[in-house]
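Lifted from Swiss-Prot, the feature list:
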type	residues	note
BINDING	10, 11, 12, 13, 14, 15, 16, 17, 18, 37, 118	ATP binding site
BINDING	88, 93, 124, 128, 179, 188, 264, 276	L-citrulline binding site
BINDING	120, 124, 125	L-aspartate binding site
């Protein structure tokens, strides 16, 4: 194998990355540094430390990145009202650039000459991790075991773990039949019965949300306060970004909000079915569009909507650290200077309903928009010239005998 002295491994403590840890030690005869990120996945991360220590790891990083994740990645993404292919709120995609960033930082701190991850050769995550790594440290070596080894089934991974005395749970607690990924923004489910696109997902699959049918019969109202496009308070109580999202996840989950069952187009070329729970993100998206509806200029809002699919695609395909994403982000952030105010929402059985919005920076003028007497604020006769000028090119074409079809 290539000359590698030290590798930083993105380590969850689960079967796959525990096998990768031992495989790296044996295959590359190198020192391994483990990095475990707490992104609000709801699982205890400290057991990863004990497992890594038992496998001889001397340098172990377990970082609480929840605030950085929401403040520097989730919130900037939501300023753009970002949705991939009309539905997906990019919960997995947006977490990968932060993990890649921290992998490189640790590699620099520890003098490691390589990083490694547990993403398979079929998915998007390998691209996201590695594009980020190369953008931040061009000369870094990336080791992707799933593209090198022959352990291509869970059973082979289990056998390898037993052979090398890697602590695992072959028996005991029932394992989920789905491949799952979770952080503060969402939880995803893939595989199992979901690989048949006609088979309905099972109700007991969902972990964060109740079914809309079983949600409370009484709606709940929320008020979200925005400053420069970001939520800063919930029902008048100021909160940190991570606390905002965690609170909205809890409340939204209680009302059956944020379930999604989609087939998406992966960057590597295949279609993949996934189910997602994004209760807080679903609320945030609806509320942000509502506050923008009264604070953004029409053409700015329309331009943002035109650019959003490109921005979403850049995040989905791993180009968070690219110059084009950074350029778009500057434009998006500039549009949020006046996105301030309060949005009132009603949550009811899976629905997020906007019931009010107000802002000192509002462009809504009731005197002009009213259906009642406006006192001369708007001269309706002006509309005639406006319409004629906008119709001019079509009138010319018709006068020239141009056929429409």
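We count from 1, first residue shown onward.
In case you wondered, yes, glycine gets a Cβ from its N, Cα and C as well.
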In angstrom units, rounded to an integer, how far apart are the Cα atoms of residue 14 (ATP binding site) and residue 179 (L-citrulline binding site)? 12
Look up residue 12 (ATP binding site) in the DSSP assignment and report helix, strand or coil. coil
Given the binding-site residues 16, 125, 264, and counting only Cβ atoms in the protein chains shown, which has the most within 10 Å of its Cβ? 125
So which of the binding-site residues is most packed in, judged by how many other Cβ atoms lie within 10 Å of its Cβ, out of 14, 118? 118
Residue 125 (L-aspartate binding site) to residue 179 (L-citrulline binding site) - Cα separation in whole Å: 13
Report the same-chain neighbours of residue 179 (L-citrulline binding site): residues 6+ apart in sequence with Cβ closer than 8 Å to its Cβ, ordered by sequence. 189, 190, 191
Considering the binding-site residues 93, 188, which residue's Cβ sits among the greatest number of other Cβ atoms within 10 Å? 93
